[in-house]
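Asks: I have a structure here, written as structure tokens, and I will follow up with some questions on it.
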Amino acid sequence: MAEPLIRMQNIRKSYGRVQALEDANFHVNEQEIVGLLGDNGAGKSTLIKVLSGAVPLTSGDIFIRGKKVSLRSTSDAIAHGIETIYQDSALVTQLSIARNLFLGREPIKPPRFLNRMDQDAMNNVARDLLKQVGISKNIPPTTPIGSLSGGERQAVAIARAMHFDSDLIILDEPTNNLGVAETQGVLSFVRSARDSGHSCIFIAHNIHHVFQVVDRIVVMRRGKVVADDIDPKKTSVAEVERIITGMSDKEIRDAIADGKPSH
Amino acid sequence: MTRTDTAPPLAGSANRRPGRRIRLPAETGAAVGLAAMLGLLGWLQPSSVDAANLSSLLEQAALPGLLAIGMVFVLAMREIDLSAGAVFHLTATFAALLVVAGMNPWLAALAGIAAGAGLGLINGLLVIALRLPALLVTLGTWWMIQGLSLVVGKGQTIAPPGADGSVLATLSGKAFVIVPVTGIVFVVLAMAMHVVLHRTRFGYRVQAVGSNPRAAAYAGIPTGKVRVLTLVLMGAMAGLAGVIHLGAQGAIAPGDGGTFALLAITAAIIGGTSLSGGNGSVIGAVIGMLVLQAILSAMTLLGVDAIWAAFATGALIVLALAIDRLVNLWRNRRAGHGEDNLLG
């Protein structure tokens with residue numbers, strides 16, 4: 001089998017005495033959408049934060065196309081083609097669409113020492129991108145992000161990752177708080193990102209959304225990857241739920257009868 | 001690898017309203033306030049709005065106004081610098097002592113500005129190292145710097161000998177007979193810093209950090225560096241104001257600039273800079289400082305005792321804060337969401 005795009009090996013992360021990740025192994029292939037599932041506290045967010053450079057790992061290795069990399073900061077990860085879209089923190093609401101698209105990568109006009117941004121270039125690229133993502137109607141690129149809907153904001157964030165040619169786009173709860181139509185829009189957007197050559201990690205609490213879009217499901221429990229080759233076409237939602245909770249059918253029924261989840 | 005990067009239209013966005021409302025510039029309130037205050041002054045005493053008096057209004061606004069320009073950047077970053085007035089005083093004292101010690105006044109002035117920037121750097125590094133809001137850090141450094149000023153100045157007025165005749169005294173002069181040089185410096189710097197805030201990558205990153213620090217960090221913006229640089233800028237502006245004060249007055253007295261930090265914050269808020277960060281207006285802060293000075297002049301004309309000036313300034317801060325809050329609540333309600341406020 002070919003070397004995957006991303007391989008994370010024996011990743012450990014502890015916060016003081018709390019082990020958030022214990023020897024987690026995880027990989028993403030080229031042009032693949034991976035659904036990352038797990039209960040609260042299973043270690044999904046920590047794994048993603050390690051991969052996006054937001055938190056340092058305690059031990060373990062990360063390989064990109066077989067080459068070992070060290071991701072010490074978010075800018076390191078971005079330089080390696082890993083773009084993360086956080087639910088609440090992807091965009092700066094008070095700034096315009098164009099400025100958000102270039103957040104952290106603002107083009108500079110010559111002479112460079114004056115540090116002036118090339119606003120015309122930013123607006124032109126933004127106008128084209130908005131057209132491509134289908135939210136161009138009546139929205140100039142100078143509109144503040146705050147006046148867009150949740151789905152439109154996700155679209156802008158994904159468009160940013162695609163424009164800068166990221167190899168891996170990590171989506172943290174992209175369908176949270178979205179209506180049905182907007183959710184479908186975002187899901188089809190994720191598919192088209194894959195079809196144009198990008199890989200994605202898709203995290204969502206709503207398992208049905210995950211099933212609709214991903215090629216492979218990975219489940220985490222208590223800091224470990226407990227299943228990493230679930231085919232959504234051959235597996236039922238109920239089975240995946242059982243893997244997530246780590247409980248048998250009987251245990252789940254008992255837990256519901258007791259009114260509280262057992263451990 | 002070829003990537004086409006096209007996507008189907010996003011469902012649910014087709015039927016949005018064209019929703020383009022007329023947006024008043026952030027400076028509107030301050031401009032209306034200034035017009036009203038000048039109208040009041042003219043009504044109280046017509047001669048108070050003649051050219052000579054207006055230019056002296058500009059001169060009074062210039063020094064705290066320089067601090068207000070720096071403060072706009074700090075507020076746009078969702079921080080606040082309480083130590084700016086103390087930095088003003090210490091840099092003026094420092095430069096005065098250097099002149100007393102025989103240094104060339106222009107070199108002493110440069111050293112004063114550098115000292116201001118250095119104090120800003122210390123504030124910035126403390127904010128980064130302690131991971132505390134600048135509000136708390138500068139609450140401490142404010143007292144430290146104020147104490148240091150008293151120690152090095154021995155609590156006395158320092159008037160460098162021959163300050164009147166020195167080159168620095170150019171600053172106390174007037175160009176074209178009537179326009180004060182300090183006022184010109186103030187207006188030119190305000191225009192330059194307006195461009196810096198709205199046209200440069202640095203200004204844009206200041207606003208990004210103030211609007212959503214986590215998004216800025218996740219996008220790869222070095223937020224720590226932006227914080228430090230902004231506080232250095234604030235310190236340098238306070239230092240510049242300090243040495244200009246020394247040049248124009250020929251002396252620095254204990255208590256000079258004591259209200260400057262609060263005046264600067266008030267002027268910025270009156271000028272439309274939001275305390276919740278993310279945007280700011282340098283031009284607005286200039287107008288805001290003129291409004292403040294016009295109010296203080298009006299109080300003098302009305303025969304209000306000077307001891308009420310502090311009370312009035314405080315009341316204005318509360319009023320400006322209330323207006324800032326109301327505008328924010330109104331905007332959030334109009335946008336149909338209030339979560340940004342809660343995350344504050």
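Here the Cβ of each residue, glycine as well, is placed from N, Cα and C on the backbone.
Predicted automatically and left uncurated, TrEMBL annotations should be read as such.
Sharing the feature lines straight out of TrEMBL:
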TRANSMEM  B:24-45  transmembrane segment
TRANSMEM  B:57-75  transmembrane segment
TRANSMEM  B:82-100  transmembrane segment
TRANSMEM  B:106-128  transmembrane segment
TRANSMEM  B:135-155  transmembrane segment
TRANSMEM  B:175-197  transmembrane segment
TRANSMEM  B:228-252  transmembrane segment
TRANSMEM  B:258-275  transmembrane segment
TRANSMEM  B:282-301  transmembrane segment
TRANSMEM  B:307-327  transmembrane segment
Asks: Same chain, outside the transmembrane segment (B:175-197) by at least 6, Cβ under 8 Å from its Cβ: which residues?
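Replies: Distant Cβ neighbours of the transmembrane segment (B:175-197) are 51-52, 55-56, 58-59, 61-63, 65-66, 69, 72-73, 76, 203, 206-207, 240, 244, 248, 280-283, 285-286.
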Asks: Does the transmembrane segment (B:24-45) reach the transmembrane segment (B:135-155), going by 3 or more CB pairs under 8 Å (6 or more apart in sequence)?
Replies: no
Asks: Could you tell me whether the transmembrane segment (B:135-155) and the transmembrane segment (B:282-301) have 3+ CB pairs under 8 A, leaving out pairs under 6 positions apart?
Replies: no
Asks: Test the contact criterion for the transmembrane segment (B:82-100) and the transmembrane segment (B:228-252): 3 or more CB pairs under 8 Å, pairs 6 or more apart in sequence, then answer yes or no.
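Replies: The transmembrane segment (B:228-252) and the transmembrane segment (B:82-100): touching, yes.
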Asks: Same-chain Cβ contacts of the transmembrane segment (B:228-252) under 8 Å, 6 or more residues past its ends?
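Replies: For the transmembrane segment (B:228-252), the sequence-distant neighbours (Cβ-Cβ under 8 Å, at least 6 residues beyond its ends) are 62-64, 66-67, 69-71, 73-74, 77, 79, 81, 84-85, 87-93, 95-96, 99, 105, 108-109, 112-121, 123-125, 127-128, 134, 153, 157-160, 163-164, 168-172, 181-182, 185, 189, 202, 206, 260.
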